[in-house]
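Asks: The structure's right below; bear with me while I get my questions together.
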């Protein structure tokens with residue numbers, strides 16, 4: 001069997017998934033260690049029996065709705081190929097709006113940035129890659145996620161970043177000019193109705209208590225202690241959570257609270273700014 005024929009057959013077998021032909025190509029690229037250009041130029045190249053057996057095993061996994069990213073152990077984000085594992089959330093294109101907004105707010109200033117719940121490090125490394133004036137710290141509660149982030153840092157040769165274990169702010173000892181996070185924000189009710197593919201992703205990276213806002217509330221309510229004056233915080237959230245998240249920001253005294261849409265037209269991130277002067281609410285306003 002040649003490359004073209006295998007892709008045609010596997011595309012039919014994967015007709016129930018969202019992108020059967022693309023997934024078929026990704027599988028054969030992974031097994032044969034080739035790229036898309038090679039497929040086009042060498043579509044009649046014969047596949048060995050050993051390669052076909054390997055492809056069959058992977059095809060079954062995809063047929064059973066295991067995400068292609070977990071099968072190939074990588075996912076493209078911000079033009080980088082990040083290695084991932086079952087311990088890390090799969091990076092998604094919608095999160096790139098968080099990167100874009102952070103770069104706009106940071107400008108070219110020398111800045112320390114904290115990425116909470118870093119996973120495979122895709123947010124931290126993408127920001128760090130854009131400017132040597134940025135010094136990014138990525139933390140995660142899962143040691144396996146931290147190890148994967150470190151691996152990606154070394155593989156991509158991005159050195160202005162450091163990763164270590166922390167339960168949100170538990171081991172953070174300094175202040176930052178910006179805090180970014182894509183925390184778990186799916187509620188218990190929503191979790192029960194997720195697509196089958198999402199069940200393969202780590203529950204700890206998806207589910208959040210208190211109608212999905214529990215961890216977002218923890219991050220925002222503690223962020224001021226770890227931000228310099230005029231520092232920014234950017235939080236990714238569910239598209240229906242914009243109003244609640246804005247209320248949490250304002251309740252905690254953040255200014256310039258604003259939400260922005262992702263590429264699909266859904267509100268995906270909200271930002272807030274720490275005030276330069278912290279007024280004591282008990283001081284007489286007439287003084």
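Cβ coordinates come from backbone N, Cα and C, glycine included.
According to TrEMBL, the record shows the following:
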type	residues	note
BINDING	117, 118, 119, 120, 121, 140, 168, 182	S-adenosyl-L-methionine binding site
BINDING	182, 183, 184, 185	substrate binding site
DOMAIN	9-72	domain 'Release factor glutamine methyltransferase N-terminal'
DOMAIN	108-194	domain 'Methyltransferase small'
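Structural setting of the listed features?
Replies: Within 10 Å of the Cβ of residue 118 (S-adenosyl-L-methionine binding site) there are 29 other Cβ atoms, across all protein chains. Residue 118 (S-adenosyl-L-methionine binding site) falls outside any helix or strand according to DSSP and counts as coil.
The DSSP secondary structure for residue 182 (S-adenosyl-L-methionine binding site) is coil.
Mean pLDDT for the domain 'Release factor glutamine methyltransferase N-terminal' (9-72) in the predicted structure: 97.
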Asks: Using DSSP and collapsing to three states, where does residue 140 (S-adenosyl-L-methionine binding site) fall: helix, strand or coil?
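Replies: DSSP call for residue 140 (S-adenosyl-L-methionine binding site): strand.
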Asks: In sequence order, which same-chain residues at least six apart have a C-beta under 8 angstroms from residue 183 (substrate binding site)?
Replies: 116, 117, 208, 215, 216, 219, 235, 236
Asks: List the helix, strand and coil residue totals of the domain 'Release factor glutamine methyltransferase N-terminal' (9-72) as derived from DSSP.
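Replies: Summed over the domain 'Release factor glutamine methyltransferase N-terminal' (9-72), the classes give 44 helix, 1 strand, 19 coil.
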